[in-house]
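Engineer: Per TrEMBL, the features are:
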BINDING   B:208, B:233-234, B:247-251, B:264-271, B:285  FAD binding site
DOMAIN    B:4-180  domain 'Electron transfer flavoprotein alpha/beta-subunit N-terminal'
């Protein structure tokens, strides 16, 4: 069974965001695999280790810099990569179309991805890909089992969790609690350099959304800070909760 | 192309508050506001939407809609959009709402703005503000296709009663079992007396300073006194004291309650991203230099193991 994993390169989650010429500045920012996609890579590699997957292909759409994300996934244990060269201004629609095109030619049995990217927080691309391909999908999974041409997953749901089964081929997006991604070993990093990565151009399609502007939140002013006896501090905090925030205390 | 549609987020007839928030906000756009509800045995809910301003309520009843499944819901909604041509359709940014809106948007070859915190909708034009990098920055984005599609974050818009006609309309049911491709084997509701993190009015969170389950227990006691949801920083989740569904921050949930109480949380940028839009922020931390105090409206420099028990007593007074 062939598994294809979609990864996006994002800013380190500890990065401070700044604007330059009205755009998000990437100067001095450490770039990582989107943490949700990293979990998808780990999930795919585990399927290979269990003998369920025969090949793990990593796909990323973006600039040349996205090659680093692919190399990291290869160092973790994926077999080969495909970099889809695409303008970083592509929206969710354009990205989904570009990735789906590559998926069609690769014809995998299973597509894995993170359910959201830590940068734009859109949560759209995996579901859009499934629609383009006409495949079923399950989002925000926390476990996965494959049997009899079907995939069965637990997932987070509104107000609880659920177990859903769909037929393969399918697109599955994961929550970070699915697994604990491994660190690439030195051997893995060396091997990754020799693993093949193909580069293709993205299908040219127009965006369906337009960014008007970016802006930063207003800096919050620090308020009152009290130190001293716990009794006194707690009394002042209780007063703040009841009289300033106006929160009702349950009996 | 006319009318702002609000898709009703519900399970077993329990409507999420975000639905009323969306209806209240939609009234501001001046256009006709329509609630759209899919479900089984839900017709009786229609007057609830009229109370907040729904001029019309599209009621779609059927076994295939008994619980949310992408295939049937998308097929039905796409057919209704084709027939009634709304100007905009708003969904809640819940797990179901984003799943639904994303697949629908692609089926319609349309744009979609997810997790929006502000909306300006007029005929043929929709401009939305959304948080990016979990709130470290914001983007103003225009959806350039029709109908204008967006998912709305819970808790950002105010609920306002604004009675309207609420004329019930029953569209043709086109979705059938043949549209269903997800076999939902089981749904396990979270058994908790506490509100959900993303919808709670008060959130009490614990971090590394909780030192273990005993510290988390104190956080829970305080939360229960305030009818609050419990959350945690990444440190508390990674240490296994709380499940991932409780994580507040860039790789967890973004919350915006009236009051956020951070207990033993230093305030890493990862965490601040998930809670800094709270109306009031309070913090208890032993380190006077902790970054959490830079965003706290009221901070206590002290040991949570000493402060929380006294705080609980004070609150009960």
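Keep in mind that glycine also has a Cβ here, set from the backbone N, Cα and C atoms.
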Engineer: Go through the binding-site residues B:208, B:265, B:268 for me and flag any whose C-beta is under 8 angstroms from a C-beta on chain A.
Structural biologist: B:268
Engineer: Would you mind ranking the binding-site residues B:265, B:268 by how many other Cβ atoms sit within 10 Å of each Cβ and giving me the lowest?
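Structural biologist: Comparing Cβ neighbours within 10 Å for the binding-site residues B:265, B:268, B:268 has the fewest.
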Engineer: Of these binding-site residues, B:208, B:271, which scores lowest on Cβ atoms within 10 Å?
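Structural biologist: Lowest Cβ count within 10 Å among the binding-site residues (B:208, B:271) is B:208.
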Engineer: Enumerate same-chain residues with a sequence separation of six or more from residue B:250 (FAD binding site) and a Cβ-Cβ distance below 8 A; give 'none' if the list is empty.
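Structural biologist: Sequence-distant Cβ neighbours: B:133, B:134, B:136, B:270, B:271, B:273, B:274.
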Engineer: Per DSSP, to which secondary structure element type does residue B:208 (FAD binding site) belong, with helix, strand and coil as the options?
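Structural biologist: Looking at the DSSP assignment, residue B:208 (FAD binding site) belongs to a helix.
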Engineer: What average pLDDT does the predicted model assign to the domain 'Electron transfer flavoprotein alpha/beta-subunit N-terminal' (B:4-180)?
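Structural biologist: 96, rounded to a whole number.
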Engineer: With Cβ-Cβ distance below 8 Å and at least 6 positions apart along the chain, what are the contacts of residue B:247 (FAD binding site)? List them in sequence order.
Structural biologist: B:231, B:232, B:233, B:234, B:237, B:253
